[in-house]
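Visitor: Have a look at the structure that comes next, please.
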Amino acid sequence: MDAWTLEFEGDDPGREGLREALCTLGNGYLATRGAAPEHPAGSEHYPGTYAAGVYNRLRDTVAGETVENESLVNLPNWLPLSFRAQGGPWLGESGVTVLDEWRGLDLRRGVLTRRLRVRDNGGRITAVTQRRFVHLRHEHVCGLQTTLLAENWSGTLTVRSQLDGGVENGGVARYQGLAGQHLTRLTAEPVGAETVLCVVETNQSHVRVAEAARTRVFRAEYQLDGEREVIREAGRIGHEIWLDIAAGEQVTVEKLVTVFTSRDPATSDPAVEAVTRLGWLADFDSLLEEQVLAWQQLWRRFHVWLAGAEGRALPAVRLHLFHLLQTVSDNSVEVDAGVPARGLHGEAYRGHVLWDELFVFPILNLRLPLLSRALLRYRYRRLPWARAAARAAGRAGALYPWQSGSDGREESQQLHLNPLSGRWVPDATWLQRHVGLAVAYNVWQYHQVTEDWEFLTHYGAEMILEVARCFASIAEYDHGRDRYVIRGVMGPDEFHTAYPDSTRPGIDNNAYTNVLVAWVMQRALEVLDMLPADRRAELVETLGIGSAEPQRWQDISHRMYLPIRPDGILDQFEGYGRLAELDWGSYRARYGDIRRLDRILESAGDTPNRYQASKQADVLMLFYLFSADELAELFDRLGYRWDPGTIPKSIEYYLARTSHGSTLSAVVHAWVLARNHRAQALEYFVEALESDLADIQGGTTAEGIHLAAMAGSVDVLQRCFAGVETRGDTLWLNPYWPPQLGTLEFDIQYREHPLRLRITGETIRVAAGPGRRPPIRLRCRGEVALLGPGEAVEFPASVPLRRAAT
């Protein structure tokens, strides 16, 4: 892998799913996995196509219970294209041997190129070059160009180009046996001489999807007529095209496709729109030029450069940004969809939206704030379901679901299949109520970066207030402690779903949750104070906020209980420190990879609920979200003594008791170790960069990339190692830069100021672009500076501030 290209040589059936996921192309509206066009879905290949926000709900009977799952729908496959020489076997069939193959994903241009040489059972060798895109500027357009060179044969070349509407969801092994047929086929017909149309509809949500494909063949710049016939197969519609070719000649097959759904704005009939827009398109090469320009412009906003870094840090960072921008981009702004945890790259987590946006927004806030705003509005639009969930639980305000999909109801699975034991076990992850706290945190951080008062006034404040109201009603006053407690929840850890031998799900006083609740109460009070008087009055009236509620928020922000042990370490939850210690060495010796320790224990009739063993960072998430100064302020407000030594002690304690069963674990541990254990932090940072490239979670990347880990690894660079923080109308800079990473340069936007930051082991330089905005305030290790448009400032590591030449 070079700085801009991800390359794969040869054939590797066992890792083909991984390659397909990593070679996915998308544009924030639509994405298609990097599967070979000649192969249908099977044990090795899975050519999935997904559109943001297109979900469907199906029911199954599992372990005697009826369960309902909503899934991101695998849409008709627009890729199918194959050929044969002289009536021989088709490419993709057993009679054709692949002699050599190369794939390259061009991150700079958003183009996947594939080169291969094949020999059929008649000894005929054909060289194939394919290029494809999912267009960034024209979000409904996809293109596949295939060039065929007859190396040692002459005769009839037959090309088959199709749309496949007979697909279903089958990309996750754990879901096999569950319902996956989401589409009803409505139309499959030719439209004109070169075009075919496929229309389907989801069978529960009734989203209509139309794909139109136009296939043309060229020799040099001249279009060939060729003999053409419409072919209809099970679920498929397309053309077979016959033409003569001589040895040494080549022809180019151009397939352009448009995809529309009934969810699209300004669309009356997706079929009409797909056919009409297809007719407007020029040729593949013209569209490719526009694609290259669109990616060039987007990369300017997401400029990242590392000089002198060891290993493949820079290529991995760019790959992670690339996949982030294929999942959410400018094209997402008009789409009512959230941030799917596994991108638009596969079907794991059924395409649901969890808390992963917590790790994504820091990248987007500083580069594409309009996109952050749109994604936050996904949460705002789902306030009705969150309010309904709160009412059903006997609570006030809004109770956001752990897993969200189309409308915002709770989509978490009720039962979970352990692939090690083959048993379906109860799944209590819906008790991760902290997802609502993350929503409020994201709203607040967006405002800190953008100072977008319109959004805060009309949308953001309402979300923060409703989350605060919900947790104020969840918190119970404990007279014996004279503090508020929260019972029956789960923290980010996910291993601990209940106390040992308890029939009640959930644990009490999860430290992460309780600290966030205290923080949210402060923010709710602050937001009310910040709002214009008329809007504050409207919200209070509309939401029915009683006069006693703000006082309760105030009390909770001062009296929330934290499970602090005598040594100062925060217990992950009340009673965590009394659980049994796990013999980590024994389990590692026996099982090797123990990341999914929960499954190992369950298969042996045991449970992680009995042990001080965590899947991922839980208490340590507090050190990820808040600076030491912020935590000191929170603890002081709560009336607890804050000891700065708590942080390193807590890191050491929990690191020894974490299995790292989530890709997020490496991100968070790289972050929290950066201050005192830079070498170890760098190791975790490299692991985060490799999480999907090396597929460290045992084959899960094939089911979809881990979007939060990808975005989070980039955020480790910008907010942890480079020390960028937005707080209190100030851009804070507190770098802890590993010298092994050389020099970092990246661009951000802070309160409408375009900024370029350059960080080395000795200095951090900030240069502002031109503009008319008032100066911003910077603070670096005690030094304060005002930076206006066109100015630059440089902060040495330990000497006074000096102005730099612009």
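The backbone N, Cα and C atoms fix where each Cβ goes, and this holds for glycine too.
Please treat TrEMBL annotations as automatic predictions, because they have not gone through curation.
On a predicted model such as this, the values are computed, not experimentally measured, just so you know.
For reference, TrEMBL lists these features for the protein:
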- 10-263: domain 'Glycoside hydrolase family 65 N-terminal' (DOMAIN)
- Trp355, Asp356, Lys615, Gln616: substrate binding site (BINDING)
- Glu494: active site, proton donor (ACT_SITE)
- 725-785: domain 'Glycoside hydrolase family 65 C-terminal' (DOMAIN)
Visitor: Which chain-mates of Gln616 (substrate binding site) that are at least 6 residues away have a CB under 8 A from its CB, listed by sequence?
Guide: Pro492, Asp493, Glu494, Thr658, His660, Gly661, Ser662, Leu664, Ser665, Val668
Visitor: Near the substrate site, what residues other than Trp355, Asp356, Lys615, Gln616 in the same chain have a C-beta no further than 8 Å from the centroid of the listed C-beta atoms?
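Guide: Here the non-site neighbours turn out to be Leu354, Pro492, Glu494, Ser662, Leu664, Ala708.
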Visitor: Where does Lys615 (substrate binding site) sit by DSSP, helix, strand or coil?
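Guide: Assignment for Lys615 (substrate binding site) reads coil.
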Visitor: Mind tallying the domain 'Glycoside hydrolase family 65 C-terminal' (725-785) by DSSP state, helix then strand then coil?
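Guide: Taking the domain 'Glycoside hydrolase family 65 C-terminal' (725-785) as a whole: 3 helix, 36 strand, 22 coil.
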Visitor: Using the structure shown, find which entry in Asp356, Glu494 (the recorded positions) has the sparsest Cβ neighbourhood within 10 Å.
Guide: Glu494
Visitor: Counting only residues 6+ away in sequence within the same chain, which have a CB under 8 Å from the CB of Lys615 (substrate binding site)?
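Guide: The list for Lys615 (substrate binding site) reads Asp493, Glu494, Phe495, Leu597, Asp598, Pro608, Thr658, Ser659, His660, Gly661, Ser662, Ser665, given in order along the sequence.
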Visitor: Need the DSSP three-state call for Trp355 (substrate binding site) to compare against my parser.
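Guide: In three-state terms, Trp355 (substrate binding site) counts as coil.
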Visitor: In terms of DSSP three-state secondary structure, what is the assignment for the residue listed as 'active site, proton donor'?
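Guide: Once the DSSP labels are grouped into three classes, the residue listed as 'active site, proton donor' ends up as coil.
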